[in-house]
């Protein structure tokens, strides 16, 4: 029996090794047959040969899933770690969309809408509309990029022709709207648009080019206020969600507003669409892949879920909750502890003011990647391999909210490029390259930011500022500028007289005029006299400028706080750098610190406005005094006697 089982095992192994044709299989069957015949003649030899169980073949290691041509796809996505340009609105920007007709449309909290045109490199301003008298609740662009609409708390819907950048219709809704979406596809007779009532689950369908009379009303489809309405133009179906976590499929006028017939399910229990209701969450953003087969969502529980549209089955879940980020920071530090704490505070404020609902998710043109904003920056996730392949803007001091993705070549040429043109070495044709761009909004910012494949320092002129001031200053800003005394109030050098010696400082009034003015005026007025170095960290920095000595006090010469003044030539790249202390973005008061080592992680977070030119040994002596390990406060006070401004 041992011989037979051994022969069978050997035969099976030979068959696995020779998967080709039947001839090899027959040959491998003959060989063990001879071995059996020989073993009958010599049993002793056979017993020695087949003693014990045969070794099991090693199982093949599971191959890691790989997306073919992933590098090519990533080359068509923005890759710069910092934003290249930013442009302004008068108020906080809340919404941004990108159309297939190469337009970018931004909307701000004060009801204003701006149209921008994507050009070969960058964008250009087109037109400005005062769209609503109040807050804009939602905006939408049609699937072919021809029509744009916005709804606001003035109970109105405004409809725009995108290509001609003109307002073509205005609908008086008679209720406070919540969400809106174009639900028609190219070729439909009616340009239908859906709008939901903010406080109920009703959905009203209108003719976008018609009057105020609704074509249809869904009054029983949802029982809770809606959070999203999105059209899947490939399958001509609409998906809507409400605050109870329910997700519904329906169609527009061509299919008489019924359940779509082209999906592979009839009862919702056969799908995973109850996932949100089970988790007591609801979708705050929904988008479809270009082929219409995937639905990407962001939930109120900060989880990214990806479903298959036709079956409603859950495909992927990515946890982006604050507890996950805290655990990740503890396992492997993602950010300096001080910066991580600041960003966590911003995240909690997001939840407090219910701004998480403005964060959205988008697919790229291939449908293999999703992009969305997190506290670490813009994540690019490969949904096929389940990996985060890129993070943009990690070192930026902004919390990305809504984003829109442009891919391709903006400038349309008269004739399509042939294979011969593509293969040629014509330098003119080679200059026509794609300019993938992410346009995003930020929390509490009146700017939108553009991430491309170019870093800020790669721009044509080294002196060009990436933050473009395309809006006129407000009356308050003009008054503050005219009241300032100008050059008399600032200086380019000062001497800090401390109880341990003098520190000579060079100031930078040209690069950061407001910060230097604040320091000089405070110094001349004797504000810093008697202030202690209330926080000293050996091998890092010494901090002062707080009249209370607790680290919680101090204000600017204008009262309250003032904005950051970052400059590309002023970095924390060397010791003895003079920089402003703050409690977050644009919260400068009177406190400042002097570093004793290079601290590059503070760049673009704290304003550098001076360098120590003499008295470095005094700074070192102060940094080496004994301090309370819990509070970093010296046991014996080291104080500023006064500051002489030259």
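Glycine residues also receive a Cβ, built from the backbone N, Cα and C atoms like all the rest.
For 1-50, the entry in Swiss-Prot reads region 'Disordered'. Swiss-Prot lists 2 with the feature N-acetylalanine, giving similarity to another entry as the kind of evidence. According to Swiss-Prot, the feature compositional bias 'Basic and acidic residues' maps to 17-32. Positions annotated as repeat 'WD 1' by Swiss-Prot: 88-126. For 131-170, the entry in Swiss-Prot reads repeat 'WD 2'. Annotated repeat 'WD 3' per Swiss-Prot: 221-260, in sequence order. The feature repeat 'WD 4' is assigned by Swiss-Prot to 278-319. Residues or ranges marked as domain 'PPIase cyclophilin-type' by Swiss-Prot on the basis of sequence analysis: 490-645.
Long-range neighbours of the repeat 'WD 3' (221-260) within the same chain, counting only residues 6 or more positions beyond its ends whose Cβ lies under 8 Å from a Cβ of the stretch, are 143, 178-186, 188-190, 192, 194, 196-203, 205, 215, 273-274, 276-288, 290-293, 295, 297, 309-310, 357. For the repeat 'WD 2' (131-170), the number of residues in each DSSP class (helix H, G, I; strand E, B; coil) is 0 helix, 23 strand, 17 coil. Here the repeat 'WD 1' (88-126) has, by DSSP, the following mix of helix, strand and coil residues: 0 helix, 24 strand, 15 coil. Within the model, the repeat 'WD 1' (88-126) shows a mean pLDDT value of 94, rounded to a whole number.
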